[in-house]
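> Sharing a structure with you now.
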Amino acid sequence: VLVLTFLCYMGYHAARKPPSIVKSVLRGSVVNSHSGRLLLSDGGLAIAASDPTTLNGWAPFNSDNGQTLLGQIDLAFLGTYAIGMFFAGHLGDRVDLRGFLTAGMVLSGIFTSLFGMGYFWDMHIFSYYVLVSIMAGLFQSTGWPSVVSIVANWSGKGKRGLIMGIWNAHTSVGNILGTVIAAAMLSRGWGYSFVVPGFLMIALGLLIYAGLVVQPSDVGQSNPDDKPATGGGRHDNEEVLPLKEGGKEAPSKEKSIHFMDAWRIPGVTAFAFCLFFSKLIAYTFLYWLPYYIKSTPIEGRMLSAKEAGDLSVLFDVGGVAGGVLAGHLSDKSGASAVVATSFTLLSVPFLYLYRTAGHTSFALNVALMMASGFFVNGPYALITTAVSADLGTHDSLQGNAKALATVSAIIDGMGSIGAALGPMLTGFISDRGGFDMVFAMLYTSAVTAGLLLVKLVIKELAVLRGKSMVAKPM
């Protein structure tokens, strides 16, 4: 289950990555009206004259407001994704998750490919790319509440943070895979950068349908959080759910939790709004980092679109380590809010250094990019996995596991609204105020994310202090 769900969400993220790699190609260069020289869209001198596609761009994205249009494409995808997330979680608690995931993956792969088909069809109508992005975002929203619910079904609470921290590496692995594929395909034409990940998504969807088991009871096993009898066996009077023909669980008497009731679970609101700002930062990097690298000289040298894409994967390499450590620290301390807040606030100085000093040398750029990924993705990974699963099985629910997908969808849905706004605002702000203003937005978001958890941090510190007092010898 861990392997299949890992591959599943790796595919989702690989299919999201092409827009960030292709942005600089679609944007192309603009001609300075005063000097007549070809410039990169942010004002830097264009070096890659050997790449005619990079210089000319692709209409309508090579116009004067090209970065704003690219931001609007991001908003079309991520805005629909965020809205769809709330409905997907609600549906996920009521339908067969295996079929739900398969349909979402196949249709997501189709619409990802259709964006790239605009290259082969010589499509220059902006509304076409908006419509395809909307449909891709809608079907992408089927993934997260479903896989979190499935993994939570199979993992107990004791080491959930560590297990999900490792498992959540699928996000960064998918980003890396999507980056490598999209960057490698650029030489053939930017359309291939979408079509290949799209077909990969379809193939993985069929694999999920062939092999995924949604919950232990589907194969006659007990839930890992069920209390075993002394000696490790099952209670003699423990009821075993009867299986219907084909291994399906008999209808459960549990009712799905109401959407508004899920908001009232302690901690859901605070973590949901914290993720709003955390995911705003993470997705700004996801969608704009390759473009930023390509348009910012490092040691005085401008990189090609492929070089910038390949270099950007280091942000996700740091993110893998950050997610694992955040999950481990959460397990050890039982203080998820403290861990998330610490990581979020520590990201601010590293983001600042990356912007102000990262261009001075490649070695420093790599180190600061990985450190930024470490602290940005740590709380993002923790909140979307272990925290969502724990809140979805909160004691106040009295064992009602039907809340898992709903709670995951609420938290990640709020995060996805931030994810939609971040890239869109980046396109708008960078067109007018440059990337210094974009990074100012990121600093502000990180501090706000940390402040939203202050009440929970105080409570967790009080609990930790109480435990330490009890542990002291008399």
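Using the three backbone atoms N, Cα and C, a Cβ is placed for every residue, glycine included.
All annotation found in TrEMBL is predicted automatically rather than curated by experts.
Features from TrEMBL:
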- 21-462: domain 'Major facilitator superfamily (MFS) profile' (DOMAIN)
- 69-88: transmembrane segment (TRANSMEM)
- 100-121: transmembrane segment (TRANSMEM)
- 127-154: transmembrane segment (TRANSMEM)
- 166-186: transmembrane segment (TRANSMEM)
- 192-214: transmembrane segment (TRANSMEM)
- 220-249: region 'Disordered' (REGION)
- 224-249: compositional bias 'Basic and acidic residues' (COMPBIAS)
- 265-288: transmembrane segment (TRANSMEM)
- 308-327: transmembrane segment (TRANSMEM)
- 334-354: transmembrane segment (TRANSMEM)
- 366-391: transmembrane segment (TRANSMEM)
- 437-458: transmembrane segment (TRANSMEM)
> Take the C-beta pairs under 8 A between the transmembrane segment (69-88) and each of 100-121, 127-154, 166-186, 308-327, 334-354. Which stretch has the highest count?
127-154
> Which of 100-121, 127-154, 308-327, 437-458 has the most Cβ pairs closer than 8 Å to the transmembrane segment (166-186)?
308-327
> Of the listed stretches 127-154, 192-214, 265-288, 437-458, which one has the most C-beta pairs under 8 A with the transmembrane segment (334-354)?
437-458
> Given a Cβ distance threshold of under 8 angstroms, which distant residues of the chain, six or more beyond its ends, lie next to the transmembrane segment (265-288)?
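For the transmembrane segment (265-288), the list is 16-17, 19-20, 23, 74, 78, 175, 315, 337, 340, 344, 347, 351, 372-373, 376-377, 379-380, 383-384, 387-388, 391, 394, 396-397, 403, 407, 410-423, 426-427, 430, 438, 441-442, 445-446, 448-450, 452-453, 455-456.
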> In the same chain, which residue numbers or ranges, 6 or more beyond the ends of the transmembrane segment (437-458), come under 8 angstroms Cβ to Cβ?
267, 270-271, 273-278, 280-281, 284, 288, 335, 337-338, 340-341, 344-345, 347-348, 351-352, 355, 376, 379, 418, 422, 425-426, 429-430
